[in-house]
């Protein structure tokens, strides 16, 4: 029987561990806060070098719309990236013996994966505030409605990126060399989910693939919130289906990894 209090303690402990060990360094701040802002301005001025009138067919009417489009895209992608960054750090978990301890501890492995993904939540919030400050400067006003839009967007981003991060972490449990899996999952998401290029600009096959990633739906909803547009029920439905599917797949993969470790693993290596 699941003990909710114990599971919460485990989740909290993993978040704190990730935050203290990996999220509080200057290099991490540079890579997750400063660098994305530099990339954002690079992308914006690249677009600005060309005639923006052709972007009207993608409902980008002016430079303010373009800035909001790029800010939301950069923000969502980097929140997803910071959540899954912990997957690379499983190597250190193996070296320190922490990962093996997790396998033999009577707690939910899925909860552990979620804790790893949420380890970057404070960094995410800091990055979110940085981009929202830029957005406030662009809009030129601060209103209760805009603040509520920001809070709703933050909730959507955190929940969806945490589930995606747990899924990527579960993939890294299955093998000692899963870096290629991250590349397969991450790079197409960055290109096809609409972070800097509208999804409707892709050919049909690209649009079909883009809707595999939760970040695509997340961006539709976040931009709908900021542009005050109606988000199609099909987008909401697809978002819920994809996230539910990822939760189920994550649970299945983590259980299979646990079974495999019991058969083929050792205390110091699995």
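Along the chain as shown, the residues are counted starting at 1.
Note: Cβ is positioned from N, Cα and C throughout, glycine not excepted.
Which of 151-173, 174-196 counts as transmembrane segment depends on TrEMBL, and there it is 151-173. When Cβ-Cβ distances below 8 Å are used as the criterion, the transmembrane segment (234-253) is approached by residues 110, 113, 159-160, 163-164, 166-167, 170-171, 173-174, 211-214, 217-218, 220-221, 224 of the same chain, each at least six residues removed from its ends.
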